[in-house]
Structures are given as structure tokens and as C-alpha cells.
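Trainee: Here's a structure for you.
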């Protein structure tokens with residue numbers, strides 16, 4: 001009967017959380033991960049990754065602007081979503097979304113970008129004409145003060161914002177993990193590890209995304225890629241991926257060892273319904289292959305050209321793997337019955353509001369936003385604030 | 001003070017937040033439903049709205065108010081605790097307007113079989129028969145008064161052909 | 001057999017008050033109903049259930065439940081003598097038209113289990129609602145404010161019993177309301193009204209005269225998934241350990 005094997009409670013046969021709910025944590029994960037990469041330079045003074053600093057912030061912003069869209073398209077009544085701002089339910093992790101999102105967007109990301117770009121914005125507002133001039137003038141909030149003192153204040157405040165931004169990024173993505181991890185009704189989701197795994201896989205995906213975007217944009221600008229930069233980025237990506245993989249393996253080993261009442265049903269599901277997406281895509285192709293390849297680049301001396309290709313391949317595989325992880329969590333959690341006696345099938349539509357085409361569109365849209373941001377706020381003008389301060 | 005002057009742009013940024021917060025508070029005072037929070041974190045008026053839902057089943061007490069003779073027949077038999085609408089379907093519309101809305105007589109071939117077809121899954125003490133064998137095709141009401149289905153002296157059964165008494 | 005309506009109203013006070021409200025169409029509350037005096041639950045007596053599906057059909061009629069979704073449903077368990085932990089369960093269309101007969105002499109044990117919202121006093125579904133659209137009323141019924149619900153389906157995921165769904169046309173969460181519109185008027189739920197064997201009985205735990213109190217003194221009852229600690233208020237008599 002319509003894709004059901006065994007017994008499912010009658011209301012469980014339909015999946016209520018679609019591919020858009022897979023996409024949402026993937027996107028906020030990219031935001032959090034990109035921001036962490038930016039903070040590596042700003043707070044932890046990893047000089048080598050500086051070329052990616054502004055790009056990482058803009059990438060985070062582009063994806064953050066896109067992030068509410070899958071949620072709005074999923075809701076039965078998106079016009080009522082302001083209720084989350086007016087009457088948020090304090091016992092619901094989902095209720096904090098509105099405020100965490102707004103905080104992260106305005107008080108962290110936009111604030112930090114504004115502080116870092118302010119000198120350039122003021123200069124651009126004086127140089128450009130027409131509509132652009134108006135846009136820059138508005139962005140400058142009418143202040144044209146770019147004295148040494150004011151820029152120094154910006155630098156200090158920006159440092160604090162980045163520092164605050166790190167736990168904010170963890171909150172922005174960690175709460176999504178908590179939404180799943182705190183549900184006792186669903187044993188595939190219920191785990192204290194869930195927010196932690198989400199955060200670490202987010203970091204890996206965000207770093208991979210910024211690395212790929214940096215390489216692509218640099219190529220498009222016909223500039224040479226700063227190898228010291230992406231070697232360092234890849235190194236951090238590798239080590240964080242190891243931590244992420246360890247956490248996921250810990251969850252798996254723990255489940256197999258404890259073998260509680262849900263285990264047999266979940267085990268069967270992983271070996272059948274989720275075999276391709278979890279074993280093949282997420283674990284083998286998406287995790288083991290990049291880990292081995294990145295390990296090789298860390299211990300052996302590889303020619304620059306080959307290294308770049310390996311980084312591109314690994315970056316792509318990591319993005320696919322992290323998406324697959326979100327898929328396996330969200331969709332996997334709905335494929336088995338809470339009676340542990342049956343399974344259903346996810347029939348993904350193509351052209352409906354929650355269908356595949358919309359999901360693809362929402363994945364491409366942030367890149368469109370990013371290209372606009374790159375035009376409006378180019379990360380590599382003649383001299384950035386940092387370079388002026390450092391006397392480059 | 002020059003320090004404050006050089007931080008002027010920060011105050012403008014902060015000002016945006018203050019304005020947004022004030023606007024939010026004003027909008028909120030209009031938008032949040034008045035009964036929200038009266039009993040808990042929900043719109044208390046919803047309770048009344050849910051309680052206002054129209055009824056389709058009248059409830060056996062309402063049926064018995066008019067159909068006293070049927071009610072009397074039932075009390076003597078095995079169907080004493082089978083409510084009227086369990087067999088006759090939802091009849092609030094009929095109780096509301098008895099002359100215009102007339103209930104459809106249930107088809108016993110389907111109706112009785114639903115409960116009384118023998119199945120090893122049913123509780124052992126429950127009266128069950130194989131409908132094909134039991135009556136060789138004759139409708140149930142040939143021998144059983146649905147309102148007092150037992151076969152015996154007091155129940156006024158077998159004489160009732162095709163109808164209830 | 002012609003009884004005037006006035007005569008009817010005099011005869012039955014409870015139904016009379018209720019009936020007045022039915023005729024009026026949209027009353028606020030019944031004047032003789034105080035929420036604080038009630039704490040609703042349901043008693044389900046497994047040995048009495050014959051799997052006729054009356055309750056499922058009655059609920060669908062009374063509450064306009066859309067096809068393919070269920071506010072209540074009946075499961076049939078087949079617990080074979082060898083595989084106690086792996087029962088075979090079916091619920092064809094929720095048991096709406098009953099179940100196919102099982103031939104005499106079949107191996108193992110069969111029984112029927114009606115399922116519904118358990119109106120948990122510590123419900124995980126109300127805990128996770130982001131806006132306060134689902135809640136437990138002061139008289140113990142978990143309800144959904146369908147004018148406020150976003151349709152995010154978090155509550156559907158949070159329910160351990162699978163009793164919630166998203167209404168396909170209204171696009172909001174929906175589930176059993178314990179026929180709140182009936183019980184507040186002194187009537188019973190549609191499923192209890194339609195049940196021919198008394199397997200389902202509405203229970204008011206705050207009412208000292210409710211038969212449930214005597215029943216609880218003389219029977220062992222259980223709730224579904226007690227390990228979830230939901231404070232479920234659907235009490236099952238004779239619930240087999242294999243029931244999921």
C-alpha cells in the first residue's frame with residue numbers, strides 16, 4: 001500500500017518534513033561554518049586565512065538571507081510566522097528561531113560586515129554616482145567619519161562582535177540540532193550528541209564552501225590563488241572533519257552497543273532505505289574518501305596543481321556528505337514507524353511548493369545573492385582596513 | 001568629546017535597533033490576540049471556538065426522548081447498551097427536524113455482519129456467526145429484532161419480519 | 001408517538017440544556033459547565049473491542065476527518081506464540097470498515113487496540129509548539145487552536161503515539177479533540193456513542209461518581225509507552241505487552 005512496508009501508524013505514512021527541512025539546516029550550517037572561518041583570522045589571529053575573511057562574511061550573509069525561505073515555503077500558514085516573534089513559546093526550541101536569526105543577522109553579521117567595510121563604504125559613497133551612491137550613503141547611515149580614531153574604534157568593536165559571534169553561530173545552528181535531539185518520541189533523533197554533531201558538520205561544510213567559493217572567484221578574477229591560505233583552510237577543514245566523523249561514529253557505536261528497543265528497526269532502515277544515502281554517499285564517498293585524500297596532503301608533499309584539484313574534489317564531496325547527513329537525519333527520522341514495525345517511502349515532488357525544483361532553486365539563490373554582494377561590497381578593493389592598519 | 005564623536009556612527013547603528021524595537025512593541029500590542037495568556041500560553045478564546053463545533057450525533061438520550069417504545073424494547077435485550085446511532089448513523093439533523101430529515105434504514109446485510117461475522121480475532125464470548133452458513137441468505141431481521149435480537153419468548157423476535165418493533 | 005419538543009426539554013435536563021445549545025447553534029459555553037470541575041480521560045477496555053470500526057467511522061462523521069488521516073484508529077495485533085516481541089499488526093484504512101475475518105483455529109493470539117490522542121497531562125506536543133497554538137485546556141483536553149497554528153508540524157513529530165497529522169486542506173495540525181464540543185455539553189464522545197460493546201468509555205477523573213474510579217480499583221490498567229512519561233490519560237484495560 002503506497003510504499004509502506006510492515007506497519008506504520010496511519011498518520012505516519014506521509015512525511016511532514018520534506019527536503020526543504022533538509023535544506024534549512026544545511027544552509028544555516030554553511031552560515032555558521034563560514035563565520036567560524038572568518039573568526040579564525042579575526043579572533044584567533046590565523047594570519048594565513050586572511051584572504052578569505054571578507055569573502056567568508058559575505059558568504060555567510062548570502063546564505064543567511066536565503067535561510068528563512070525553505071521554512072516559509074514549508075509552513076502551512078507562512079503569513080502567521082510573525083507569531084513566533086509576538087508569542088514565542090518558551091519551552092519550544094523552534095520558537096527561538098526568530099530571535100536568534102534576527103540577532104545573528106543584525107547584531108553579528110551585518111554589524112561586523114558594516115564595521116569592516118565602513119571606510120570603503122564611505123569612500124565608495126563619495127566616488128560613485130546615481131543609485132549606487134544612494135545605496136552607499138544609506139549604508140553609511142549618513143556618517144562620513146573615517147578618521148583614524150573612528151576606524152580604530154571600529155576595529156575594537158568588530159573584534160568583540162566576532163567574539164560574541166562565535167557562540168551566536170553555535171546557537172544559530174546548534175538550536176536546529178536541539179530541535180531534533182530533544183524529541184524523545186523519535187529515537188533516530190533523540191540524542192544529546194545531536195546539536196554537537198550538527199555544529200561540527202556545519203563548520204566543515206561552511207569552511208569547504210568558502211574555500212571553493214574563494215578558489216572559484218579568484219579564478220574568475222584571473223588572480224592567483226594564495227596557496228598558503230587554502231592550505232591552512234584545508235588543514236582546519238581536515239581536523240574539524242576528523243572531530244565530526246569521530247562524533248558520528250561515537251553515536252553509531254553507542255547505538256549498536258546499547259541496542260535498545262529501536263535498534264533493530266533503525267538498523268534495518270540503515271541497511272535498506274538509507275543504504276545509498278548514508279553508507280555509500282555520506283560515509284564512504286563523502287567522509288572516508290576526503291579524509292584519506294586530505295590526510296595525504298597533510299603528510300606528503302604534493303605538487304600545487306594536484307593539491308588544488310584535491311582540495312576542490314574534497315570540498316565538493318564534503319558539501320555532498322554534509323547535505324546527505326542532513327537528509328539522513330531528517331528524512332531517515334520519518335521513514336520508520338514509531339511502532340518499530342514498519343517503514344514508509346519519501347515521495348519527493350518535483351514542481352510543488354516543497355518539491356525538488358524549489359530545493360534546487362533555494363540552493364542556487366544564495367549564490368545569486370553572493371554575486372550581488374560581491375559587486376556591491378567587493379572583498380578586495382585597493383586596500384582593506386586591515387591592510388591600512390598593518391601598513392601593507 | 002572627540003571619543004564620542006568618533007563613535008557617532010555606532011550610536012546611529014544602535015539607533016536603528018531602538019527604533020525597530022519600539023515599532024515591534026507597538027505592533028505587538030495590536031496584533032497579539034486579547035485572550036492570549038488568560039489560562040496559559042495560548043489564545044483562551046480558542047476553547048470556546050472549539051466547543052462551538054456543530055454536532056452530527058444527537059446522543060442516545062435525545063433519541064430515547066421521542067422513541068420511548070424502542071427504548072423500552074431495547075432494555076430487555078442484548079443490544080441494551082448499543083446506542084441508537086451506532087447502527088443508525090449520525091442523526092442530530094433528524095432530531096433537529098424530525099419530519100423533514102428522515103433517517104435511511106440500515107442495510108442489515110452490511111450492518112450486522114460488521115460486528116457479528118465470526119472471526120478468531122474477536123473476543124471469545126462475543127456472539128459471532130458465519131453469515132453465509134447462519135441464515136442461508138435470509139436477511140438478519142427475518143428472525144432477529146435488531147432492537148432486542150435474542151431469540152426467545154420475551155423478545156418478540158421471529159414475528160417481526162423486515163422491521164423493528 | 002408524537003411528543004412535543006417542549007415535553008422533550010422537560011424530560012431530560014442534561015440533554016435539554018445540551019439540546020438548547022445545539023438548536024441555538026453557537027452558544028459560548030453551557031451555563032452548567034465549569035472547566036475546573038473536570039479532568040477528562042478515556043478508558044479503553046481491550047477485551048471488549050471487537051474491531052467493528054464504528055468508532056473510526058463515527059469520529060470521521062462527527063469531526064469531518066479527511067480521508068487518509070485519522071483522529072482515532074483501531075489496530076489488530078497478532079501475537080504468535082513464538083515471537084512475543086514481534087507482533088504482526090494491521091490497520092486497514094485505520095480499521096474504518098472493520099477487519100478481514102480470521103479463520104477459527106489460527107495460531108497465536110489476536111486482539112484489537114483502539115488508538116487515539118492520549119490527552120497527555122505532560123504532553124510533548126504542547127511543549128514543542130513554537131507559538132502556543134496547541135495546549136492543554138484547564139479541564140485536561142489537549143486542543144489545537146487552528147486559527148493560530150502555523151502548520152510547522154513540530155507537534156506531529158513530537159507525539160510518540162502518532163495521533164497527529166497536518167490537515168491536507170486547512171494546512172494546520174489536527175487531532176482528536178475528545179469531542180470537546182460534546183463533552184462540555186454533557187454528552188459523550190462520538191466514538192464512545194458509537195461503540196456497541198462499551199470498549200470505549202469517556203472518563204472524568206475529577207467526578208467522584210464516574211465509573212472509572214470503581215474500575216481502577218478492580219482492574220489493572222496501563223498507558224501506552226509509559227517510558228515516555230507523558231502523563232497519558234487514555235487508560236487501557238488488558239493491554240498486552242506486545243502493543244506498540
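Please read every residue number as a count from 1 along the shown chain.
Using the three backbone atoms N, Cα and C, a Cβ is placed for every residue, glycine included.
Automatic prediction, not curation, is the source of TrEMBL annotations.
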Trainee: With TrEMBL as the source, identify the stretch among A:118-142, A:193-217 annotated transmembrane segment.
Mentor: A:193-217
Trainee: Might you confirm whether the transmembrane segment (A:15-40) is in contact with the transmembrane segment (A:193-217), defined here as three or more C-beta pairs under 8 A between residues 6 or more apart in sequence?
Mentor: yes
Trainee: Run the contact check on the transmembrane segment (A:52-73) against the transmembrane segment (A:356-377): 3 or more C-beta pairs under 8 Å, excluding pairs closer than 6 in sequence.
Mentor: yes
Trainee: Look at every Cβ pair spanning the transmembrane segment (A:310-336) and the transmembrane segment (A:356-377), keep those 6 or more apart in sequence, and say whether at least 3 of them are under 8 Å.
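Mentor: They do not touch: fewer than three Cβ pairs between the two stretches lie under 8 Å.
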